[in-house]
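This report concerns only the one structure given below.
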Amino acid sequence: MGRKTILFLFAAVLMAYNAYTPVPDGIEEPWRLVWEMTQMKMMTDLVWMAELLGINHFMDSMVFLMSLHNVPPTSDENVDVMDTTFNSVPVRVYVPKRQSETLRRGLFFIHGGGWCLGSAAYSPYDVLSRRTADRLNAVVVSTNYRLAPKHHFPSQFEDVYNALRWFLQQDVLSNYGVDPERVGVSGDSAGGNLAAAVTQQLIKDPDVKIKLKIQALIYPALQALDLDLPSYRENSHGPILSRSVMVRFWSEYFTTDQSLEKSMLFNQHVPMESTHLFKFVNWSSWLPERFKKGHIYKNPVPGSSELGKKYPGFLDVRASPLLADDNILRHLPLTYIITCQYDVLRDDGLMYVTRLQNAGVQVTLDHIENGFHGAFSLHKLKISNRLENKYMRWLMENL
Ligand SMILES: *[C@@H]1O[C@H](CO)[C@@H](O)[C@H](O)[C@H]1NC(C)=O
């Protein structure tokens, strides 16, 4: 039997197996979600299988499948859309068409996709940026960045930071008719991670004079040290984002060497020399009581020093913004965070809320009880609309 035949048989078995996927209680439109999950699960399982059989690298197949949903920059009756570069980084810019008597808001948006996937051109992101520009009368810059596994940390961070620094220049803002007092950063998932990281970096950067007014983080990933938080335990099989896929994304961000992925799966990747950092991600200290229920805190077991030496990225504050100390946090702008109950990344967001509040930063948390990771981008589901409305309302009032 050829490898392609095996793949085909595997697909048939998967289809039968995945046709019934339980979803958590209280989720609205469960059948639509089951349908979305079935498609996604089949896709990732097939892609995984193709990798095991040596046909194609997991991320290469995923990039290809997602790129089928990319759209060209197309202006509509409300918004002008164009692709350009900021500091050599490709970005897509959305400018409202209607006349504006005042300067506009500016929003710098960073897409998600586990640092490996996604693009400003990906249809759900294109739609979101278009609507944001129109509804908020804002100039939206949706940035691209180099992706793993071809490029590892800190390339992603640096691209985003370089594009943002370009945007935050007085003459660039005024070219686009943006009010320098009303510029914000936003991102979802890995984009939320990059948004939090660049917002912290700006505080340390004396060359940038224009300050951000807000940061908005949609189910962000904020630390790679403890991958056994209650939210990882409760949602290890999804919906949408499973623990194993998240671990794969985290490890690919730093290296394609699978020894890091393996250690991360066992939560034994932080070397002994760095165990003092655990206090920054100690869910026993930072999670609100109700999210700790039924869980017992275990100090993660220290791993080999070699991993930490070879791939210091996962211990870097630019990859794990929760590692920042209060002296930095206290200078952060007004913050908006969305967390979803059924999401491995839920507790990253919740811990950041506590840490920011303790540092005196004003934070609005929208915790979505029946939400799940990726809900924002599933435009066919009602929940996507509900999240988007909350997000837009907050931006309307605060940006
Ligand atoms: C985490 O916090 C708990 C209680 O707040 C404490 O007992 C434990 O030693 C802490 N662990 C680390 C590694 O900071």
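Note: Cβ is positioned from N, Cα and C throughout, glycine not excepted.
These numbers come from a predicted model, not from an experiment.
According to TrEMBL:
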| type | residues | note |
| --- | --- | --- |
| ACT_SITE | SER189 | active site |
| ACT_SITE | ASP343 | active site |
| ACT_SITE | HIS373 | active site |
| DOMAIN | 107-261 | domain 'Alpha/beta hydrolase fold-3' |
| DOMAIN | 316-376 | domain 'Alpha/beta hydrolase fold-3' |
| SIGNAL | 1-19 | signal peptide |
Rounded Cα separation (Å) that holds between ASP343 (active site) and HIS373 (active site): 5
Cα distance (Å, whole number) from SER189 (active site) to HIS373 (active site): 8
Counted with DSSP (H/G/I as helix, E/B as strand, rest coil), the domain 'Alpha/beta hydrolase fold-3' (316-376) has 22 helix, 19 strand, 20 coil
Take the Cβ of ASP343 (active site) and count every other Cβ within 10 Å, whichever protein chain it belongs to. 28
Report, as a single number, how many Cβ atoms besides its own are within 10 Å of the Cβ of SER189 (active site). 28
Average the per-residue pLDDT over the domain 'Alpha/beta hydrolase fold-3' (107-261) and send me the rounded value. 97
Here the 10 Å Cβ neighbour count for HIS373 (active site) comes out at 27
